[in-house]
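Peer 1: One structure, pasted below without further comment.
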Amino acid sequence: MNSLLFFTVSQALLLLAILSGGVGFIFMSGGELALEWEAFSAFGQKMTLLLLFDFISLIFLSTVCLISGCVFFYSVSYMGGDMFNPRFAALVFMFILSMALMILSPNLISLLLGWDGLGVTSYLLVCYYMSEKSFNASMLTALTNRIGDVAILLCISLWVSCGIFNYGLVSSASVNVLSSALTLVIIAAMTKSAQIPFSAWLPAAMAAPTPVSALVHSSTLVTAGVYFLVRMNYLILLSGWSSWLLALGLFTMTMAGAAAIFELDMKKVIALSTLSQLGVMFFSLGMGQPFMAFFHLISHAYFKAMLFMAAGSIIHTVKDYQDLRKMGGSLINLPALATVCLVSNLSLCGMPFLSGFYSKDLILESLFVQGPSLVVFVVSMIATGLTVVYSCRLTLGIFNLFSGRESYSAEGDSDFFMLGGMSILMGPAIMGGWWLSGLMPSSLIIFMPLWQKLTVLILVLVSGALALSGVGVSERPNNIPSKFFHQMWFMPITFSIGLTNGGLSYGKSNSLNVDETWLTFSTWQGIFKPNYKIYYLLASFRGGALVSLALIGGLSLIV
């Protein structure tokens, strides 16, 4: 019965993906459709729900529905042995519904419902397995995202105070309101898309079931911030925040790429790769190229969801073992899964003519044409090279090419439902970038010299050769620099334990100096606590506790 539920929902979502994609293709020339529904009316006030259907919203909705349908199809087998299947299906469906509401709604109130719905359902999904690790990860995810929720709530309050209920009309507000509101929007997007300094929650969210990770890290929660900034990009260009977004993207790309090279947990490597690609999207927004950011968001969603599902299938097959050093045997015993992992990894590192190549190459070419500063150029090239290195390193681990290491061999490929869910995404992961490049505006066509065109290709080949030669080795050196890069510049410690200890210390000091004043110390604590050793000494005699209490009280009064 539960399997039938997953299968039915998956087919409905796949049909919805085809429908929304087809309508989005019709609206490619610039048309749009707005639907307004009056939910209820009371005391002369009307509560309406406005939905906006245009090329961007429909293509993104089609991507979300396609990946969600594949995830439900995949979960028929992956979650088949779980006793709480209906609860899992309900939570994932609420998660998808919240994302769809955020995508389609230009109304600020309903957008807030979708935004908060993503936060609440992600908290419930991360702690789905009910372990201490899951609870800690879900709390970190929820508290970090609450910062963004507060920011978006304050932003909406500013707009509503100016009589603006639709984010398409925010340009009519005053300059001061626009500046303040845009600052809050960027903070909200940074927390949702895990940009520095709010990056610690993204790897921790791997405590969720693998189907949820495939959905969260490809097209839903982490991309919500990027999508919102794509919608608000005309304000970013007017406000001068572009350089800040570019710097945020560069730092996040570099930090995540370096951490992925030193990571040995396969799922965390893929999570860090998601963080790196989110940095690429912010980098593109900082260059003033929202369509390129949206292009990369869609193409990345296809191969990242497929990579997560393939990794989950391998982990499921080898009895939940995730260490890359013992993840081998895939080439021999899991040929279909190995093929899926290879295709998605090559697309991730930007191999020519795969899905990820078209968007990444376009972003880097746009960078060359704009003539960036030397620092921006060098750091962006380093971050791109790190992407290739950790992608190749992940491939080496899956194919058991870490020399001299014992592997945990698996027996046979996954079943029909797991392979079926991944196979549906194989086409978009290979051809999606080429197809989307034809749908993007003609202004994104770039002319440049041949040597600049070959620079990115040479960078990919050199980085791949470095990875094969041993950069990012299987053993992680136990020294301060390696710990610094592996622990994401000590960001999880700084923004979890550091802030917690600081708050607890402040609370203790405040309690001692404010709550427990001279009045408290002049009564019970001031009289009995300093002399408790004498009390216990006297209590050991046969006189009993009552006599001892009287004696110690009298002595304290005399003193």
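The backbone N, Cα and C atoms fix where each Cβ goes, glycine too.
Caution: TrEMBL annotation is automatic and unverified by curators.
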Peer 1: Out of 6-23, 150-167, which range is noted as transmembrane segment by TrEMBL?
Peer 2: 150-167
Peer 1: What range among 265-284, 485-504 does TrEMBL describe as transmembrane segment?
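Peer 2: Based on what TrEMBL states, transmembrane segment spans 485-504.
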Peer 1: Match it up for me: which of 290-310, 416-436 does TrEMBL list as transmembrane segment?
Peer 2: 416-436
Peer 1: Can at least 3 Cβ pairs under 8 A be found between the transmembrane segment (242-262) and the transmembrane segment (374-396), with each pair 6 or more apart in sequence?
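Peer 2: Contact confirmed: at least 3 Cβ pairs fall under 8 Å.
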Peer 1: Among 50-76, 212-230, 374-396, which stretch has the most Cβ pairs under 8 Å to the transmembrane segment (416-436)?
Peer 2: 50-76
Peer 1: State the non-local partners of the transmembrane segment (374-396) in its own chain: residues 6+ outside its ends, Cβ under 8 Å from one of its Cβ atoms.
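Peer 2: Apart from its flanks, the transmembrane segment (374-396) reaches 246, 250, 253-254, 257-258, 260-261, 266, 269-270, 272-273, 276, 279, 283, 324, 341-342, 345-346, 348-350, 360, 364, 367, 402, 456, 459-460, 462-464, 466-468, 471-472.
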Peer 1: Give the mean pLDDT for the domain 'NADH-Ubiquinone oxidoreductase (complex I) chain 5 N-terminal' (46-88) on the 0 to 100 scale.
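Peer 2: So the average pLDDT across the domain 'NADH-Ubiquinone oxidoreductase (complex I) chain 5 N-terminal' (46-88) works out to 84.
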Peer 1: Mind pulling out the one from 88-105, 150-167, 212-230, 330-354 with the most Cβ pairs under 8 angstroms to the transmembrane segment (173-191)?
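Peer 2: Maximum Cβ contact count belongs to 150-167.
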Peer 1: May I ask which of the stretches 88-105, 150-167, 330-354 has the most CB pairs under 8 A with the transmembrane segment (212-230)?
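Peer 2: Comparing 88-105, 150-167, 330-354: 88-105 has the most Cβ pairs near the transmembrane segment (212-230).
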